Amino acid sequence: MTIQCKVKSIQPLACNTYQILLHPESPVPFKAGQYLMVVMGEKDKRPFSIASSPCRHEGELELHIGAAEHNAYALEVVEAMQAALETDGHIEIDAPHGDAWVQEESERPLLLIAGGTGFSYVRSILDHCVAQNKTNPIYLYWGARDNCQLYAKEELVEIADKFANVHFVPVVEEAPADWQGKVGNVLQAVSEDFESLENYDIYIAGRFEMAGAAREQFTQNKKAKSERMFADAYAFI
């Protein structure tokens, strides 16, 4: 479904990463974990995970877009959003999309794994589960190059402190001397912490290679069930 949206705000979150709030002309029914397509042209639609959960923000849609200078694909979208904001114009989106939404009926513990701005996908799921007062154990592993890119770290620490069933583990490749989290690869960190993933619902967002490696490693080495692993990437790989 194609919908016109006003761009409500654009805020920098971290190095080259922006939070964008969209206000659609009509409500967009979506499930936590789905994505939208920003329509840049008739045959040019670009996918971004919806970072907000369906039960919040009074119909607003939140995006987190990583737009480094070398990433023209995302940078052009941010520039189009900026132009719409400055001229009080519209952005066109096509939504909702994706089959990797949260399995609300499941009572299994959740393992949420994000690489970089893949965090927006797991944030929607976490936010939704917390808002719905779900009591399933939730483990969120967020990997990034450095601490600067973990732009929601303080928010996640607060959520984990407030809700006994939520556990947050930050993972960076380059750690400062006073670093309190894990160092290295996010999939390696998960492998070190879990003997078995047999009983988990696993949600993954990041590069396609990471999602593919997770499916291979976790099903072969950690007894994960491939049918209980969810990622947008799995529709393509």
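Along the chain as shown, residues are numbered 1 onward.
Placed from the backbone N, Cα and C atoms, the Cβ positions cover glycine too.
What Swiss-Prot records for GLY115, GLY116, THR117, GLY118, PHE119 is pyridine binding site. For GLY115 (pyridine binding site), applying a Cβ distance below 8 Å and a minimum sequence separation of six or more within one chain yields GLY143, ALA144, VAL186, ALA205, GLY206, ARG207, MET210.
Across the range of the domain 'FAD-binding FR-type' (2-103), the DSSP-based residue counts are 19 helix, 48 strand, 35 coil. Residues annotated as domain 'FAD-binding FR-type' in Swiss-Prot: 2-103.
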(request) Could you check the binding-site residues GLY116, GLY118 and say which one's CB has the fewest neighbouring CB atoms inside 10 Å? (result) GLY116
(message) Over the span of the domain 'FAD-binding FR-type' (2-103), how high is the average pLDDT in this prediction?
(response) 94
(request) Mind checking which of THR117, PHE119 has the fewest other CB atoms within 10 A of its CB? They're the binding-site residues. (result) THR117
(message) Can you give me the residues near the recorded pyridine site, meaning same chain, not GLY115, GLY116, THR117, GLY118, PHE119 themselves, Cβ no more than 8 Å from the center of the site's Cβ atoms?
(response) GLY66, ALA114, SER120, TYR121, TRP142, GLY143, ALA144, ALA205, GLY206
